[in-house]
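As recorded in Swiss-Prot:
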- 135-150: compositional bias 'Basic and acidic residues' (COMPBIAS)
- 135-156: region 'Disordered' (REGION)
Amino acid sequence: MTTKKQPDSTIALNRKAGFDYFIEDQYEAGLVLEGWEVKSLRAGKINLSDSHVIIKYGEAFLLGAQIQPLPTASTHFIPDPVRTRKLLMNKKELNHLIGSVERQGYTIVPLSLYWKKNKIKIKIALAKGKKEHDKRDTIKDREWQRDRSRIMKKNT
């Protein structure tokens with residue numbers, strides 16, 4: 001008996017977050033979406049690179065995420081691709097995020113968007129911003145890892 005291979009549940013990744021920030025803690029949150037947004041996400045029409053999370057009135061909101069509407073969207077409704085979307089989280093997790101952001105100067109950035117049991121979830125991270133020299137160190141390390149693997153491959 002063969003098992004069915006699960007399709008990749010990842011919708012979008014924010015590769016820029018790992019380069020621009022030191023990732024500390026990761027959390028999973030739900031998203032409040034409209035119908036046209038879910039259809040666009042199924043088609044993979046989202047950009048998370050310039051987005052971030054803010055906390056207002058004890059609730060978390062996703063800002064700057066662009067979900068492009070499909071051309072078949074309704075004509076009597078004007079979709080807003082960059083609207084603010086509410087995140088659904090436990091109160092305990094939310095309180096921890098509020099404390100870290102206000103007291104310790106952390107930023108909350110989205111890492112990925114994915115399907116989980118027919119629901120769309122977003123992985124967010126508590127992060128500290130990198131300075132320019134930290135980014136250069138990251139590039140140097142990445143290039144050294146690439147060169148080292150080439151050398152090892154050539155010698156074997």
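If you go along the chain as it appears here, the first residue is 1 and each next one adds 1.
In case you wondered, yes, glycine gets a Cβ from its N, Cα and C as well.
Sequence-remote contacts of a segment are chain residues at least 6 beyond its ends whose Cβ falls under 8 Å from one of its Cβ atoms, and for the compositional bias 'Basic and acidic residues' (135-150) they are 19-20.
For the region 'Disordered' (135-156), the number of residues in each DSSP class (helix H, G, I; strand E, B; coil) is 21 helix, 0 strand, 1 coil.
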